[in-house]
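TrEMBL annotations:
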TRANSMEM  6-24  transmembrane segment
TRANSMEM  53-78  transmembrane segment
TRANSMEM  90-108  transmembrane segment
TRANSMEM  120-142  transmembrane segment
TRANSMEM  154-172  transmembrane segment
BINDING   Asn171, Asp231  Mg(2+) binding site
TRANSMEM  179-197  transmembrane segment
TRANSMEM  203-222  transmembrane segment
TRANSMEM  234-252  transmembrane segment
TRANSMEM  258-277  transmembrane segment
TRANSMEM  308-329  transmembrane segment
TRANSMEM  335-354  transmembrane segment
REGION    371-390  region 'Disordered'
COMPBIAS  377-390  compositional bias 'Basic and acidic residues'
Amino acid sequence: MALLSWFPYACVFLAALLGCVITTPTARRIAVRAGAIDVPSRRRVNTHPIPRMGGISIFLGLAAAAVVQWLGTTYLGWPVVLVSSPKLSVTYHGIVASMVAIFIVGLVDDVKSLKPLPKLIGQILAATIAAASGLLIGNIVNPFGGPEIALGPLAYPVTIIYLVAFANIVNLIDGLDGLAAGITCISSFTMFILSMLSGRADAATFALALCGSTLGFLRYNFSPACIFMGDSGSLLLGFSLGCISLLSVTRVAGITTLLLPLVLAGIPIIDTFSAIVRRKRAHVSVGQADRGHIHHRLIAEGFDQRQAVVLIYLWTAALCLGAVIMTQVEVGPRIAVFCLLVAMSAVFVIKLKLFQPVLLHHYDDQGNDELIGPDDPSFKEEAHRQHMDS
């Protein structure tokens, strides 16, 4: 009987995995015809042009999982999974619509390279649809104990900011073959476990479908990649993780509920935060791209792409394991586990010098202000002059 209860989840996982594997070659051909191709550049690590619309196959993998779940529920007597938490009143069609919206935003960006403002507006629209569907952060846990804090009219803007942030953190770490897909695969499997532990079948099914689809995509995206996921994939993955985290209302006490999403998305959050600090230190625009991200630093340390990606996988897995442990122990050990995870991550941050700027303002002989990187002969001297070499 226990085996039968797992059968629907296994079918959903396999449908997502096979759906993505089967459709990725088609997505690659579509990308080539649309001209959505990443060409080598100073910021990118690929050495030859690679199509970038892999989000199509990831999306179709999720769609295949949804169809299998619907068929199983309708005709095979599988348990109904679309039952939201008592804390939420969710319209699931609206959540699907929000995912379609974020996918379309990424797809258009892959082909047309949207400017930041239209792209952000599209993300806000998708997040607004999700929030209007009932996927709201209506209350937050009081970290000091006592009753939950009701957000009231702030629920909508807080939810929208939360989902837009999640959509972008995966996009920011999509810099090495298989990195974003692998991190999402590990994080979504962890969310599946947490959702099962908290009795959230809807979130568990969603998380397992996401895990299967990203695992299938890794068949083509792990180094050496023959296709990139593009923004159609990275925005969809990040947005999906955000939605799952809200569907799975984790029933643990105190501040842990606030910390779990931070732990699960630890690597992207660390990378994003360090990028902001690094650019602010050098008085460079926060939106200015550089080669100071975690994956760039690992490559600079002498790791090849596969080694760097596997190391980040292990770091992610350690954070996710810590997240699961935090939900199963008392307050004291819970705090100890969190502190251990923070300390471990701090060691990586310091070792990789993530806060050290890799772009600096420099005035040339004519007095023109320019941005220079470590490959410029003047960089070391400029870093020393600006006290940025430590």
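Positions of Cβ are set from backbone N, Cα and C atoms, glycine also.
Bear in mind that TrEMBL entries carry predicted annotations, made automatically and left uncurated.
Looking at which of 6-24, 120-142, 154-172, 203-222, 335-354 has the most CB pairs under 8 Å to the transmembrane segment (179-197), the answer is the stretch 203-222. Outside the transmembrane segment (53-78), and at least 6 residues removed from its termini, the chain residues within Cβ reach (under 8 Å) are 8, 11-13, 15-21, 23-24, 26-28, 30-31, 34, 36, 96, 99, 103, 106-107, 110-111, 205, 208-210, 212-214, 216-217, 220-221, 227-237, 240. By the count of Cβ pairs under 8 Å, the stretch nearest in packing to the transmembrane segment (203-222) among 6-24, 154-172, 335-354 is 6-24.
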